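Asks: Annotation source TrEMBL lists domain 'Response regulatory' at A:18-132. Among the features that TrEMBL reports, 4-aspartylphosphate is placed at A:Asp67. Here TrEMBL flags A:148-213 as domain 'HTH luxR-type'.
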There are 2 protein chains.
Amino acid sequence: MTRPVDKGHPPAKSSSSVVIIVDDDAGIRASLDSLFRSVGLETRLFASAAELLGGPLPDRPGCIVLDVRLPGVSGLDLQGQLTRQGIGYPIIFMTGHGDIPMSVRAMKAGAVDFLSKPFRDQDMLDAVTAALARDAQRRADATAKEDIRAQYETLTAREREVMGYVTAGLMNKQVAGLIGLSEITVKIHRGNVMRKMGVKTLADLVRKAEALGVSQTRGTTDQT
Amino acid sequence: MTRPVDKGHPPAKSSSSVVIIVDDDAGIRASLDSLFRSVGLETRLFASAAELLGGPLPDRPGCIVLDVRLPGVSGLDLQGQLTRQGIGYPIIFMTGHGDIPMSVRAMKAGAVDFLSKPFRDQDMLDAVTAALARDAQRRADATAKEDIRAQYETLTAREREVMGYVTAGLMNKQVAGLIGLSEITVKIHRGNVMRKMGVKTLADLVRKAEALGVSQTRGTTDQT
DNA sequence: GTCGCGATCATACCTAGGTATGATGCAGCC
DNA sequence: GGCTGCATCATACCTAGGTATGATCGCGAC
């Protein structure tokens with residue numbers, strides 16, 4: 001799943017943030033475009049969900065400002081589709097004819113805010129500021145995790161197996177017994193794991209394993 | 001901060017969940033009471049925020065069903081007060097005269113749901129089910145963390161210092177150099193840490209340190 | 001003041017971890 | 001066929017971790 005997000009390219013100028021506007025009303029699009037540009041934000045304008053889903057999305061910090069009522073796929077449905085495709089842009093909803101259940105549904109699904117039209121410019125800017133902050137955090141987390149995963153991908157099957165047991169706290173000889181190897185071989189795999197994962201200490205390896213969710217966490221706990 | 005929640009007592013019969021109902025309308029209270037009891041849930045009834053805040057809250061799995069409009073402190077204000085007091089019961093709001101900004105504010109502040117009166121019984125029961133599930137998770141997390149913290153509290157200042165460096169991946173001799181001790185003494189402290197924290201392996205210690213947020217991640221000291 | 005506890009250090013001994021060198025076997029690929 | 005990468009194991013050597021025993025010192029409690 002997880003639709004590609006225009007990745008793989010060189011760094012690009014991805015410093016500034018982009019606000020993706022989806023509204024079927026050209027007037028609204030124009031005024032939002034103007035509002036965001038006035039504070040130095042870049043924008044992308046779309047008139048429908050289909051239009052947004054049609055092309056690639058930028059791989060940059062940003063957020064989505066989304067009208068609930070759209071031709072074809074509604075804003076709430078679009079929210080679900082984006083989530084399922086692994087597109088994590090924070091979403092700010094706006095609506096002219098919303099009700100409480102609609103807003104609650106949107107917020108439950110992770111929306112940053114839900115504004116009723118007409119709204120004050122400042123309210124929208126505040127919401128976008130919050131959304132961009134959330135996105136920055138999300139992207140930082142995702143990048144860190146992706147780096148670790150990339151290292152993990154370079155491991156062979158055996159090395160991953162050994163890594164799981166080692167980060168669970170088992171001794172080399174225990175690992176050797178469990179998978180039917182000599183202790184020397186386990187040591188070699190273990191050394192390879194440390195090198196490929198880019199860590200020098202077991203503590204760091206454990207932390208990376210936790211981030212990956214690959215720790216075996218077998219009961220080596222407590223006593224009294 | 002964190003108002004006591006009727007702790008310290010023996011286990012009690014805390015198996016079933018309790019629903020705390022806060023509404024100034026006696027009829028609503030009665031019908032909700034009946035609804036929840038019909039599905040085997042215990043209830044506590046309150047007519048105002050002050051009444052709820054007046055007495056101790058049970059230390060049991062549960063959730064709060066809260067009217068937004070209350071005499072004196074409003075439901076939304078009560079939500080904030082409970083949060084500040086460290087009372088983490090999930091909250092379901094209900095209102096007869098709500099609007100979108102009100103619901104959005106409540107959801108942003110962590111409410112589980114926000115129901116408009118009149119609501120269907122089933123919707124309320126679904127919301128309570130979700131709230132109780134969230135509370136069970138919250139309590140499990142809190143208990144696990146509290147257990148670890150209790151172990152950490154038994155450490156002396158030196159032992160905590162050593163634990164920070166050890167879980168950061170430093171070797172005994174490096175720790176010794178940093179705090180001006182001999183390596184042998186560091187080993188003793190380290191052994192005490194392992195024993196008091198109830199772990200047998202460094203991997204487990206690192207995980208507990210992560211849960212506590214006391215890993216040193218290179219560089220400076222702190223901790224008392 | 002004596003006791004207990006924490007903190008400190010030393011000697012000694014054992015286990016565990018890490019790496020270097022060298023070697024064999026196997027599977028996939030050009 | 002030969003090359004490469006993975007996996008396997010051995011011997012050897014060194015470092016790091018862990019514990020036991022014993023000892024000194026300071027501080028607060030009784």
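These residue numbers are counts, starting from 1, taken along the chain as shown.
Cβ from N, Cα, C; glycine included.
Looking at the shown structure, what environment does each listed feature sit in?
Replies: Sorting the domain 'Response regulatory' (A:18-132) by DSSP state (H, G, I as helix; E, B as strand; all else coil) yields 50 helix, 25 strand, 40 coil.
Taking the Cβ of A:Asp67 (4-aspartylphosphate) as reference, residues of its chain lying under 8 Å away and at least six apart in sequence are, in sequence order, A:Val22, A:Asp23, A:Asp24, A:Asp25, A:Ile28, A:Gly75, A:Phe93, A:Met94, A:Thr95.
DSSP assignment over the domain 'HTH luxR-type' (A:148-213) gives 50 helix, 0 strand, 16 coil.
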